[in-house]
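First up is the structure itself, then whatever we jot down about it.
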Amino acid sequence: MELTLAIAIGALTGSGVWLVLRPRTYQLVIGLSLLSYAVNLFIFSMGRLRLGAPPVLGPGGSGNPADYADPVPQALVLTAIVIGFATTALLLVVLLAARGLTGNDHVDGREPR
Amino acid sequence: MELSPLVLILALPFAASLAVVLFPSTSREPATWITGATMVACFALTVSLYPSVASGEPVRYLGAWLPSLGLNFSLRMDGFAWIFALLVTGIGFLVVMYARYYISAEDPVRRFYMFFLAFTGAMLGVIVAGNLILLVVFWELTSIFSFLLIGYWHHNQAARDGARMALTVTGLGGLALLAGMLLLGHIVGSYDLDAVLQAGDRIRSHPLYVPTLLLILLGTLTKSAQFPFQFWLPNAMAAPTPVSAFLHSATMVKAGVFLMARLWPVLSGTPEWFVIVGIAGMASLVLGAYLAMFQHDLKGLLAYSTISHLGLITLLLSLGSPLAAVAAIFHMLNHATFKASLFMAAGIIDHETGTRDLRRLSGLFRYMPITGTLAMVASAAMAGVPLLNGFLSKEMFFAEAVLTHVDSWLDTAAPYAAVLGSALAVTYSLRLIHSIFMGAPPESFPREPHEPPFWMRFPVMFLVMACLIVGIMPAQTIGPFLHVAVSSVLGEATPSYSLAIWHGFNIPLAMSVIALAAGTLLYLVAGNALERSERPLFLGRIDGQRIFERVTVAISWRFARLIEEVFGTTRLQPQMRLAVAAAIAAGAAPLVMAGLAFGDHRNGTTDLAFAGLWGVGVVCAIAAARLAKFHRLAALALLGGTGLVTCLTFVWLSAPDLAATQLVVEIVTTVLILLGLRWLPKRSRDLAEPTDWLLRLRRWRDLTIAVVAGLGMAVVSYAVMTRTPPETIASFFLDKAYAEGGGRNVVNVILVDFRSFDTLGEITVLGIVALTVFALLRRFRPAPDTIERPEQQLIQRSNDEADPDREPGSTEAEYLYVPSVIMQWMFPVVIVLAVYLFLRGHDAPGGGFAAGVAMAAGFILQYMAAGTVWVENRLRILPVVWIGGGLLVAALTGAAALLFGDPFLKSYFRYGELPLVGKVPMASATLFDLGVFSLVVGATVLMLIAIAHQSIRRLRAARLGEERQRWN
């Protein structure tokens, strides 16, 4: 299971980095989205992998802390997901505006000679 | 912070500066009155502290600032600080009175008084700071406000240049001073001024003494415009005259000598001090006076004379004898009085005649006899004529110059330099008086001159009276105050001195007589030549300003360009490549240095289904990367596939909250990018696979980077995941979530309770991003090839038109009819789902973030189902109100805790019964979560709608063409 997730994180990172290095703005948007999946999973995995132990306490709030998954990385990732959406939107709009002003969708605002 | 008078003295000017902002920009009276009243109040407060200061014990105030770093907000007023504070506030008041008439009604007076007050506050801060770092902070503030004041008439090139030069020189000096103070604090082991003043011997014998001294002197000599940094002061004369009178005579330039005197007991007395300070002082004294003679600009003459007089003070401080220090302090006070009055008189002349050029001015005495008389007396004080205060300190200076303190050529030269400087001072003072007031009346002035209003002249009169009274009866007037000031600096080393006009026939008197006679003689012989000279004799070619400009250009332009050419690129891809490479290097470095080891922590299962799931996920990701260039829609769908796999992973691995949020975010992200696709250009086939071998090589390089990055991440995450987790703060949160946060969903409790301040910051960012998106799209100009209706709609229309049975546009209206009806029906369901997610959030997976995005998805579904126009005719969503309301609710919930005397955002909870719903948690954290919910709804909807709206805009193709031409 750890190995699977590690390979997944690696593959997402690799795909993301490849796209981030590409010249078209749309590739950048997709690449950053893939990278943000990878980063979110990476941060999440720092709390180690647990099955069937969501950090939701039983009635009365009882329970041994060792019986629950680490809630801290989860809290971090939760806001990161929402902020990630916002930054994707911002990036998209900036790229669209640049596309409108420059007439092309190259990341430098002009086609290479 | 209790209201000790010391704090008030410091806080009042800053508070008043902010208060002035409240008035309209040209409201002259309120701003003037506030400024004047502040000066009077600070003056009175200073006076009220005299009894305690005179007792010999400084008045202190200690407040916490950064106690963990040993930095205290400590204020300290001893006799020396007291007399300086008195000087600053007193002359400050007179300058305000003067400025009331000087600054014209067309100028933005509010800005003037704002900066003026803030400067006064900063200057008082330098004076009363009891902590070295605090002192530097105020020191830098004086530089900044003097920059703003010099550049007050910023439409004027000279003012801008002068301001910039002053800021560059004094600002750099300030940085050196900061470094010096840090060293000094390091040597002493404390930044407290009292502790530093006790540690003189340790400082002087420390190996770091010389660098410390050099850095501190760099600060003080630049501030006081001492050689070789004197060149900024004449250029600062582009400031309004009240500014020059206040900053460049009485206060800011005095800060340098003030600090040298302040640290005199601990830094002076060494050969290094004597040589550096002595040479700077002597050169400034003689050069300043020499160059002053040649100035044709009245204020320029006064500026060089200021350099010369400050040089005199510096030279006195260099000698290292207590008596010389007494003379230095005395001369600081005297110079402030006569120079401020002279500057104000210069301003009056400029104001009344419209020129400051000494060659054009003449015979003014018959037009303005009173101002003329006052200026003459003040000039006489500047020249050191007996019966005036300038004479007294100059006599003391001569007496000290004659004595040998250190056996070196510098000391031997001191008396000659002193006489030379004084003689030249007599010459330029005579030139000032003679060419302005004497001689034939001029043929023409820009304006017909006359006496200024009484209250404009009053400050000059007052200061000149002070010069006279102190000059005639020094012991009875300034004596006791000077004694308090001097003994606070020198302590037990305070020498006995006598303030008297007549000390008998002695060498200083002879030197005075020689200086007066030689100066007068020089003027008689060379006066006309001075009037005609184009540039100063001998030194005319050395222009400090030119050297400064050259150096500035070399550093800030040529050097910067060079760096940019070598290292810079305007292309994004190399930058990204560098960033990724740097990240890989930073990630690999610790692995290389400390080695890499995998642990054996496993959760025990090897699930083939999970592996299969990620098999799909990885294929989706790689395919998305491959297709993003030519098949955007496919890439988007594949991206969604990866997102869903991620979401399932969260479910699988005990993170239901993340899964819920990821799912709804996935939906809105897809909608968002779908909306954006329309504005991208068609991908033409000529951008197909590269044939150029160089391009192919580049792609291989990028692929290598990507693979290395991916492998690195895989290895690192595997390494971490297989290690046994250390004891973390997780158990704290799990323990306290219910007991103290009142919720069973620990992730939600962390977000809205334990770490709610972070969440508040995050939702603020979210709101700002949404508003930015909105603002960017308001001025959106799409590319021409995307303005046309989409291809699909065109085909549908042409079909409609070809078929006689159909109305044009009817296919479009019925397009995807069944799904859109379902979407409309789902609207209430989605709302209920959002409310459900929100309400259960505290105890079960859900919460404000997930609920907010779900709600937004509900809104955007309506847009997709029925079109923007249809929805907006029926439903008014005000996203900005949702954003603002959400932020307000969250912040107010936090602030409510303050009412109960608890820290910001502390939460309360209990369970309550709601009809029909049952038992629900009534925590204040839920209210906070409501704010989060509302803001997330608003932000998401605003971004989506803003993009969606672009399609219904009727676009202005004509304007577009012009704009494009400008950009290409």
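Cβ atoms are placed via backbone N, Cα and C, with glycine included.
Per TrEMBL, domain 'NADH-Ubiquinone oxidoreductase (complex I) chain 5 N-terminal' is recorded for B:68-113.
The transmembrane segment annotation in TrEMBL covers B:79-100 (among others). Long-range contacts of the transmembrane segment (B:79-100) within the same chain, counting only residues at least 6 positions beyond its ends with a Cβ under 8 Å from a Cβ of the stretch, are 9, 28, 32, 35-36, 39-40, 42-43, 46-47, 49-50, 53-54, 56, 58, 112-113, 116, 120, 123-124, 127-128, 240, 242, 245-246, 250-251, 254, 258, 261-262, 329, 333, 336-337, 340, 344, 347, 455-456, 458-460, 462-463, 481-482, 484-489.
The domain 'NADH:quinone oxidoreductase/Mrp antiporter transmembrane' annotation in TrEMBL covers B:129-406.
Distant neighbours of the transmembrane segment (B:165-188): 132-133, 135-136, 139-140, 143-144, 146-147, 150, 195-196, 199, 202-203, 206, 208-209, 211-223, 229, 231-233, 235-236, 259, 545, 548, 552; these residues of the same chain sit at least 6 beyond its ends, with a Cβ under 8 Å from one of its Cβ atoms. Residues annotated as transmembrane segment in TrEMBL: B:165-188 (among others).
Residues or ranges marked as transmembrane segment in TrEMBL: B:208-233 (among others). Through the fold, the transmembrane segment (B:208-233) approaches residues 139, 143, 162, 165-166, 168-170, 172-174, 176-181, 183-184, 186-187, 248, 252-257, 259-260, 263, 267, 270, 272-273, 276-277, 279-281, 283-284, 287-288, 303-304, 306-307, 310-311, 314, 543-545, 547-548 of its own chain, all at least 6 residues removed from its boundaries and within a Cβ separation under 8 Å.
Summarising the annotation, TrEMBL assigns transmembrane segment to B:273-294 (among others). Within its own chain, the transmembrane segment (B:273-294) has Cβ neighbours under 8 Å at 213-214, 217, 221, 225-228, 230, 260, 267, 301-302, 304-320, 405-406, 408, 410-411, 413-414, 417-418, 420-422, 424-425, 427-428, 431, 530, 533, 535-537, 539-540, counting only residues six or more beyond its boundaries.
The transmembrane segment annotation in TrEMBL covers B:454-479 (among others). Outside the transmembrane segment (B:454-479), and at least 6 residues removed from its termini, the chain residues within Cβ reach (under 8 Å) are 91, 94-95, 97-98, 100-102, 330, 333-334, 337-338, 340-341, 344-345, 348, 370-371, 374-375, 377-378, 381, 386-392, 498-501.
Taken from TrEMBL, the feature transmembrane segment applies to B:499-525 (among others).
What TrEMBL lists as transmembrane segment is B:610-628 (among others).
The domain 'MrpA C-terminal/MbhD' feature in TrEMBL is assigned to B:618-682. In this model, the domain 'MrpA C-terminal/MbhD' (B:618-682) carries an average pLDDT of 90.
Residues 632-633, 636, 639-640, 643-644, 646-648, 650-651, 782-783, 786, 790, 837, 845-846, 849-850, 853-854, 856-857, 860, 864, 940, 943-944, 947-948, 950-951 of the same chain, all 6+ positions outside the transmembrane segment (B:659-680), place their C-beta atoms under 8 angstroms from a C-beta of that stretch. According to TrEMBL, the feature transmembrane segment maps to B:659-680 (among others).
Per TrEMBL, domain 'MrpA C-terminal/MbhE' is recorded for B:697-793. DSSP assignment over the domain 'MrpA C-terminal/MbhE' (B:697-793) gives 75 helix, 1 strand, 21 coil.
Here TrEMBL flags B:700-721 (among others) as transmembrane segment.
Per TrEMBL, the feature transmembrane segment maps to B:815-839 (among others).
Per TrEMBL, the feature transmembrane segment maps to B:877-900 (among others).
Taken from TrEMBL, the feature transmembrane segment applies to B:920-947 (among others).
If one looks beyond the transmembrane segment (B:877-900) by at least 6 residues along the same chain, the residues whose Cβ comes under 8 Å of a Cβ in the stretch are 756-757, 759-760, 763-764, 767, 770-771, 774, 859, 906-908, 924, 927-928, 930-939, 941-942, 945.
Summarised by DSSP class, the composition of the domain 'MrpA C-terminal/MbhD' (B:618-682) is 53 helix, 0 strand, 12 coil. Taken residue by residue, the domain 'NADH-Ubiquinone oxidoreductase (complex I) chain 5 N-terminal' (B:68-113) breaks down under DSSP into 31 helix, 7 strand, 8 coil.
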